[in-house]
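Colleague: Look at Swiss-Prot and you will find 11-31, 50-69, 81-101, 114-134, 154-174, 186-206, 237-257, 265-285, 304-324 tagged as transmembrane segment.
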């Protein structure tokens, strides 16, 4: 057929990759919510959800049915348009962040030359969603949680970006595939250990996960900026949080742990195993650490993480210049 051109085939393949990645990431985020509850039950010496299906295997289906039939309520004095847009922006920005992650040598939705910058841009866009949610709800707790979240996210995104500059300098590229190929013989976690530590801490903070979940602290703010949300709007925030965890875990693997590289097993399997390990670490951190005060979180970022990233960047630059001579 004359209308089937190589460009059309490439477009169709790109759409297919995007749809597959969308389904896989959303499914992983949904299953992680169930897995987290089961593992937290194990860590805390209790049962966890085990009533629906064999061993709780159908709990996720029950949660989805319940969420679909929840009343989609909008507060009377809220800004209805912005209130509705906020969860959509949050979910979309977190999902788009995964588009730049190379799952295997030939499987990446968007192989951008500005891949890391695109991720930082999407992470910044999520701040607007949180601010929209807090302001449009017309609720003091919601607004206070949104202000906490925006201040925390903007602060830790500085450390998040600086922690990646050493990796970019070593690879000589912002392209994620180039960064993975540069780790064929030595993972970046060895020369960039302090960069990895800072990225891991900042990644947890940007995802608003325990112990950096002050924006939605139940004891203080009654669930923070999404206190007024219900039904599918709340579901978008809820699943979006777990998609953020999947994305940050995948980025840790891609940037510091060799991506798909590994012996014997296929590339995709190695990538999936490494990503699952870091997703487990998110759950273990939640089960293990207490929640600090909000001022302690901000102080830790500016007084510990920022100097650590700057020292790591200066040492990396000095080593690269020394090797070039």
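A Cβ is built for glycine as well, from the same backbone N, Cα and C atoms used for every other residue.
Could you place these features in context, so I can see how deep they sit and what lies close by?
Modeller: If one looks beyond the transmembrane segment (50-69) by at least 6 residues along the same chain, the residues whose Cβ comes under 8 Å of a Cβ in the stretch are 30-31, 33-34, 37-38, 231-232, 234-235.
For the transmembrane segment (81-101), the list of distant contacts is 18, 21-22, 25-26, 74-75, 108-112, 115-116, 118-119, 122-123, 125-126, 128-130, 132-133, 135-137, 176, 226, 228-229, 233-234, 236-237, 239-240, 243-244, 246-247, 250-251, 254: same-chain residues at least six beyond its ends, Cβ to Cβ under 8 Å.
Nonlocal intrachain contacts for the transmembrane segment (114-134), taken as residues 6+ away from its ends with a CB within less than 8 angstroms of a stretch CB, comprise 82-83, 85-87, 89-90, 93-94, 96-97, 99-100, 142-147, 149-150, 153-154, 157, 160-161, 164, 168, 174-176, 206, 215, 224-226, 229, 237, 244, 251.
The list of residues near the transmembrane segment (186-206) in space but at least 6 beyond its ends in sequence, with Cβ under 8 angstroms from a Cβ of it, reads 123, 152-153, 156-157, 159-160, 162-164, 166-167, 170, 179, 212, 244, 248, 251-252, 255-258, 261, 282, 285, 297, 301, 305, 308-309, 311-312, 316, 319.
Panel annotation: around the transmembrane segment (237-257), residues 25-26, 28-30, 32-33, 87, 90-91, 94-95, 97-98, 101-102, 119, 126, 133, 164, 167, 176, 179-180, 183, 187-189, 192, 195-196, 199-200, 203-204, 206-209, 226, 229, 271, 274-276, 278-279, 281-282 of the same chain, lying at least six beyond its termini, place a Cβ under 8 Å from a Cβ of the stretch.
For the transmembrane segment (265-285), the list of distant contacts is 28, 32, 35-36, 39-40, 43, 103-105, 107, 204, 207, 209-211, 245-246, 248-250, 252-253, 257-259: same-chain residues at least six beyond its ends, Cβ to Cβ under 8 Å.
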